[in-house]
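Enquirer: Here's a structure for you.
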Amino acid sequence: MGKFQVIDHPLIQHKLTIIRDKDCGTKVFREVVNEIAMLMAYEVSRDMPLEDVVIETPICETTQKTLSGKKVAIVPILRAGIGMVDGILELIPAAKVGHIGLYRDHDTLEPVEYFVKMPEDIDARQLFVVDPMLATGGSAIMAIDALKARGGSNIKFVCLVAAPEGVKALQEAHPDIDIYTAALDEYLDKDGYIVPGLGDAGDRLFGTK
Ligand code: URA
């Protein structure tokens, strides 16, 4: 089973409270989502491989560590996932970004990919799939299905708020992936909203309703 980690650093908890507040406006919401994503990226990237490099300091020659060049791609699930991309890019500026948009057809219940644009070499990349809310787990599961079908194998899922129902569904469907969240909330209500949650993350990020 992959890792499940709640990244509950005090700075992250503080910032999450700011965006949970219904009176937080679009500008601050957008900024703080990116700040939380950046702080989470620090932990999510903790196991990035390092290699030795020989350098010269002003004093002497020395062998030190450098990132081994394992490439990263951030994969936001449209649309709310886009809100987390810039924050992660602050820490990992060379990452590529692949976008994925899906919905489930109401009649056939089959997932429909309406937009998928990935870097060519996703099989060689560490993939960070991002979506602020892990609610039922449906879109995360479909997105990861789509990435695996294209050769992606090294996948981490990163969200801000997770419902226990979504974590369970995602772990059952994709036991190999690591899941990181800033908070594990109580439950999903009958309309599919996470409680206490923060409302519709896409609407709050983009000022729609
Ligand atoms: N998606 C959201 O944006 N919010 C929720 O609470 C659940 C799903």
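Any Cβ shown, glycine's included, is placed from N, Cα and C.
Annotations per TrEMBL:
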- R79, R104, D131, P132, M133, L134, A135, T136, G137, G138, S139, D200: 5-phospho-alpha-D-ribose 1-diphosphate binding site (BINDING)
- I194, G199, D200, A201: uracil binding site (BINDING)
- 6-208: domain 'Phosphoribosyltransferase' (DOMAIN)
Enquirer: With the 5-phospho-alpha-D-ribose 1-diphosphate site defined by the record as R79, R104, D131, P132, M133, L134, A135, T136, G137, G138, S139, D200, how many Å span the farthest pair of C-alpha atoms?
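Expert: It comes out at 19 Å between the most distant Cα atoms.
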Enquirer: Name the residues of the same chain, 6+ apart in sequence, whose Cβ is under 8 Å from the Cβ of I194 (uracil binding site)?
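Expert: Once residues fewer than 6 apart are set aside, I194 (uracil binding site) is near M133, A135, V161, A162, A163, D185, Y187, L188.
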Enquirer: Specify the secondary structure state of D200 (uracil binding site) as given by DSSP, simplified to three classes.
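Expert: D200 (uracil binding site) sits in coil per DSSP, no helix or strand.
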Enquirer: Given R79, D131, A135, G137, S139 as the binding-site residues, which ones have a Cβ positioned under 6 Å from some atom of ligand 1?
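Expert: Once distances to ligand 1 are taken from each Cβ, A135 fall under 6 Å.
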Enquirer: Measure from the CA atom of G199 (uracil binding site) to the CA atom of S139 (5-phospho-alpha-D-ribose 1-diphosphate binding site) and give the result in Å, rounded to a whole number.
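Expert: Given the Cα positions, S139 (5-phospho-alpha-D-ribose 1-diphosphate binding site) is 17 Å from G199 (uracil binding site).
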Enquirer: With Cβ-Cβ distance below 8 Å and at least 6 positions apart along the chain, what are the contacts of R79 (5-phospho-alpha-D-ribose 1-diphosphate binding site)? List them in sequence order.
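Expert: Residues satisfying the criterion: G101, G202, L205, F206.
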Enquirer: Ranking the binding-site residues D131, D200 by other Cβ atoms within 10 Å, which is at the bottom?
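Expert: Counting other Cβ atoms within 10 Å of each of the binding-site residues D131, D200, the minimum falls on D200.
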Enquirer: Between G137 (5-phospho-alpha-D-ribose 1-diphosphate binding site) and A201 (uracil binding site), what is the CA-CA distance rounded to a whole number of Å?
Expert: 15
Enquirer: When a 10 Å sphere is centred on the Cβ of S139 (5-phospho-alpha-D-ribose 1-diphosphate binding site), how many other Cβ atoms does it contain?
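Expert: So the number of other Cβ atoms within 10 Å of S139 (5-phospho-alpha-D-ribose 1-diphosphate binding site) is 24.
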